Amino acid sequence: MAKQLLFNEEARKKLLSGVEQISSAVKVTLGPKGRNVLLEKGYGAPTVTKDGVSVAKEVELEDPFENMGAQLLKEVATKTNDVAGDGTTTATVLAYSMVREGLKAVAAGMTPLELKRGMDKAVAIAVDDIKQNSKGIKSNEEVAHVASVSANNDKEIGRILASAIEKVGNDGVIDVDEAQTMETVTEFVEGMQFDRGYISSYFVTDRDRMETVYENPYILIYDKSISTMKDLLPLLEKIAQTGRPLLIIAEDVEGEALATLVVNSLRGTLKTCAVKAPGFGDRRKEMLEDIAILSGGQVISEDLGLKLESADIALLGQAKSVKVDKENTTIIDGSGKSKDIKDRIEQIKKQIEASTSDYDSEKLKERLAKLSGGVAVIKIGAVTEVEMKEKKHRVEDALNATRAAIEEGIVAGGGLALIQAAAALEKADLSGLTPDEAVGFKIVRRALEEPIRQISENAGIDGAVVAEKAKEKRGIGFDASKMEWVDMIKVGIIDPAKVTRSALQNAASVSGLLLTTECAIAAIPEKSSSTPPAPDMGGMGGMY
């Protein structure tokens, strides 16, 4: 296929246009008075969202070069969401400002690599300032504040999440589901989650969420790889007679065995899902044993004299339900005996006490949390399906933000931590930088003002005035929902430090890539063939 190439200024202009379009769509959602964005779906009602990453994911531009710029900015939002779970709109606004000002500097003849070096130095100082001013969160009230701010100032969501985290602990698993009623409720169930997803996406049962969900499944726990069908067939035939689904946890499932399981799942003959066993080496054996005890099954292992081909249904674990996505597997309400589970928990606690290695101790604590923490299921209720999906998005955002806050602490929200990091950059000594590096440094300093400007403008206030005043006194910022100046942390307008830090680092990373781009290559769009319609057959009058 033939390709088209753009170079230098021409390429950068097109990329900037794409970046600008996606930024314009995303930035309107920022802050307490951010606006909604409507997303058209292929079927049903449009989705209403204020979630930056959901908006970014929908953007596909017609021009291939503009689309490249948009996709790079989409990467900023997605990466920030993956690492910190929130801050996608902030990251997008920061990146657009850096790209816009950076490309102006390149057009004026400055060296892109030196600009990037200056930007990296500024980001390092700003990140350090954010870390130094972060404050650890301890109380349940502070957890609720973080959650409600991330959920667009919804106090009810903050309260629900704080109560769930208090119940299952910081490392416990919290699942967000749709309720069948208008009420939003929280249920606590015993369960375990480990970081392995489905081996093949063909096992997925819910295409919208890309998840496999099975009720009342059997659980096969095997400590080796399964590649041939003959070993597994006798057991599958017995399970098929029961009509219940099967979750297979093994070192790996590949080749003929995987193909057969996929075909059976797609046909509906036997609902199955295969996942790789968690952990490595001896730790994997211990984790498989944990799963077996929780589900009331047994690890099928030749070390114990058990072979897969002669395994019986009695050796399989069971659970009320399992949920598998591309990264995690959650086993809810396993059928294991509570005495066996308690004994296992006590055994792990003794191992933690005896452990001399910090790493081993940390891994043992993770296993303990999985066995004893259980799973909190938050069921989101709303009047309409559109409202329910929008609320569910906000709850998922808030949960991620809260976890990030527990991990790295909190900073003042509302863009204040970033603009006060900009104030720290103003005091920095630039004498050791080249002129072009100094410009790169100032580009970041200017970009750090952009989130507070955008929050103010979304609330109908002049952003430049708010930005200048916000630099005056540390901790005092503009509450856009009440339109007043307040002590941000005291009134609970807070952001997780991890979210703010990740947004800045990811924005600077992608901006640097765009600034140092000299050539863009894209496929030439195919022209649709416009075949003229066949002429009517003249002279055929009188025929019926």
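Numbers here mean position along the shown chain, with the first residue as 1.
Heads up, the Cβ atoms here are built off N, Cα and C, so glycines get one too.
Note that this is a predicted model, so its numbers are computed, not measured.
Within the same chain, residues at least 6 positions away in sequence whose Cβ sits under 8 Å from that of Thr89 (ATP binding site) are Val26, Lys27, Thr29, Leu30, Gly34, Gly52, Ala77. Marked as ATP binding site by Swiss-Prot on the basis of sequence analysis: Thr29, Leu30, Gly31, Pro32, Lys50, Asp86, Gly87, Thr88, Thr89, Thr90, Gly414, Asp495.
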Site of maximum Cβ density within 10 Å, from binding-site residues Gly31, Lys50, Gly87: Gly87
Cβ neighbour count within 10 Å of Gly414 (ATP binding site): 26
Number of Cβ atoms other than its own within 10 Å, given for Thr29 (ATP binding site): 22
Annotated ATP contacts Thr29, Leu30, Gly31, Pro32, Lys50, Asp86, Gly87, Thr88, Thr89, Thr90, Gly414, Asp495, maximal Cα-Cα distance (Å, integer): 17
